[in-house]
Amino acid sequence: SVGFKAGVKEYKLTYYTPEYQTKDTDILAAFRVTPQPGVPPEEAGAAVAAESSTGTWTTVWTDGLTSLDRYKGRCYRIERVVGEKDQYIAYVAYPLDLFEEGSVTNMFTSIVGNVFGFKALRALRLEDLRIPPAYVKTFQGPPHGIQVERDKLNKYGRPLLGCTIKPKLGLSAKNYGRAVYECLRGGLDFTKDDENVNSQPFMRWRDRFLFCAEALYKAQAETGEIKGHYLNATAGTCEEMIKRAVFARELGVPIVMHDYLTGGFTANTSLAHYCRDNGLLLHIHRAMHAVIDRQKNHGIHFRVLAKALRMSGGDHIHSGTVVGKLEGERDITLGFVDLLRDDFVEQDRSRGIYFTQDWVSLPGVLPVASGGIHVWHMPALTEIFGDDSVLQFGGGTLGHPWGNAPGAVANRVALEACVQARNEGRDLAQEGNAIIREACKWSPELAAACEVWKEIVFNFAAVDVLDK
């Protein structure tokens with residue numbers, strides 16, 4: 001015998017190591033595991049660790065050519081999920097040498113690439129990742145970050161205001177540019193291409209970029225404020241995407257946009273590097289995220305996708321609203337909003353944060369609240385998200401009975417009123433409606449908006465809630 005014993009052995013004999021002390025350089029993962037009936041949780045957790053690192057289903061002789069102890073993932077702790085039958089949180093530690101430096105693509109391919117189709121598991125969800133500083137430092141991260149963006153735009157002490165141009169598809173480039181101009185002239189900081197506006201027959205990208213740039217400069221000249229429009233550079237190839245970003249830079253506009261999940265992390269990181277080198281801000285839309293993160297027991301939680309985006313690079317990212325038409329439970333949302341903005345975030349299970357995360361010097365990302373929000377939500381949004389955020393009202397601007405510019409005026413007046421009231425020490429949660437009503441007295445545009453949307457509510461329970 002040469003010391004190689006062929007055959008199949010239980011994963012837990014090699015990959016379940018409850019005595020393991022995690023290292024500062026390990027990438028730590030928290031998986032929500034639902035094993036098949038009859039599979040013990042230790043075996044399920046060990047299987048996840050094995051299949052997402054060095055293991056396969058049988059012993060192979062080439063295992064003897066390397067040091068498995070150095071390279072294997074380890075399931076080092078298992079907790080039962082309170083209130084759920086047959087669900088466990090399995091904590092897995094991965095040695096840093098398993099991952100290519102500066103590659104979110106490789107990190108995800110390793111950790112979630114194969115294991116989610118594993119037969120011994122009924123369902124699997126990646127709840128959180130701890131990225132060690134040693135790995136964080138291999139990433140450029142956001143092209144500019146929150147402070148540099150404020151300096152570029154010369155806007156301080158309040159959230160920024162945006163608007164997605166609707167109808168999202170079907171407008172000609174000239175009419176699209178007109179809608180952009182009216183919104184920006186009315187007082188918004190940004191307007192936005194919808195995520196599926198790329199380069200379709202009714203509006204080719206180059207025409208849209210030109211008319212939007214014209215709208216931008218006209219609105220800037222009239223208002224004396226710096227304006228931006230998120231020009232969506234997402235395309236079918238990376239080369240085409242960069243070509244669009246180059247054209248945006250040549251036009252002198254401040255910001256471009258990318259759909260990072262449909263476009264992919266490799267494309268996103270390439271674009272983020274281009275944006276830093278050329279002074280462009282980068283707005284990130286999370287189209288397709290709910291396919292991955294909506295189910296509570298299977299997939300990847302958005303806080304992981306948010307961390308991945310901060311590493312890959314983006315200056316803004318959509319992060320739910322807590323109050324509008326799209327998913328977003330308050331404590332969970334605030335948990336990943338902090339992970340986007342702050343340098344250091346403590347473990348806090350009450351907000352779904354499984355690990356303490358130290359971002360060292362990686363710039364922060366502005367969370368974007370968008371989806372079914374309007375002027376009545378302004379006090380809540382100002383209080384929940386604070387100054388370092390972008391509040392985006394699509395229908396809540398363009399749906400104004402008097403048109404786009406008055407819709408923009410209404411939002412800007414409501415925001416300024418809320419910020420002023422907060423700075424005076426008033427309680428936005430308690431007095432929010434009164435603050436908006438007072439502001440209506442000297443803004444007919446706001447009064448008209450308040451009248452239109454006074455009855456609108458989206459009362460559905462959040463699907464993804466904290467474990468009780």
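A Cβ is built for glycine as well, from the same backbone N, Cα and C atoms used for every other residue.
The active site, proton acceptor annotation in Swiss-Prot covers Lys166, His285. Residues or ranges marked as substrate binding site by Swiss-Prot on the basis of sequence analysis: Asn114, Thr164, Lys168, Arg286, His318, Ser370. According to Swiss-Prot, the feature Mg(2+) binding site maps to Lys192, Asp194, Glu195, an assignment based on sequence analysis. Feature annotation from Swiss-Prot assigns site 'Transition state stabilizer' to Lys325.
Where Swiss-Prot records a feature, it is marked here on the structure.
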| residue | record | DSSP (3 states) |
| --- | --- | --- |
| Asn114 | substrate binding site | coil |
| Thr164 | substrate binding site | strand |
| Lys192 | Mg(2+) binding site | strand |
| His285 | active site, proton acceptor | strand |
| Ser370 | substrate binding site | strand |
Rounded to the nearest Å - Cα separation of Asp194 (Mg(2+) binding site) and Arg286 (substrate binding site):
11
Among the binding-site residues Asp194, Glu195, which residue has the fewest other Cβ atoms within 10 Å of its own Cβ?
Asp194
Shell list (Mg(2+); ref centroid = CB of Lys192, Asp194, Glu195; cutoff 8 A):
Thr164, Ile165, Lys168, Asp193, Asn196, Val197, Tyr230, Asn232, Met257, His285
Let me make sure I understand the span of the substrate site: among Asn114, Thr164, Lys168, Arg286, His318, Ser370, what is the greatest distance between any two Cα atoms, in Å?
37
How far is it from Thr164 (substrate binding site) to Lys192 (Mg(2+) binding site), counting Cα to Cα, in Å?
5
The one of Asn114, Thr164, Ser370 whose CB sees the fewest other CB atoms within 10 Å, among these binding-site residues:
Asn114
Over all shown protein chains, what is the count of other CB atoms within 10 A of the CB belonging to His318 (substrate binding site)?
22
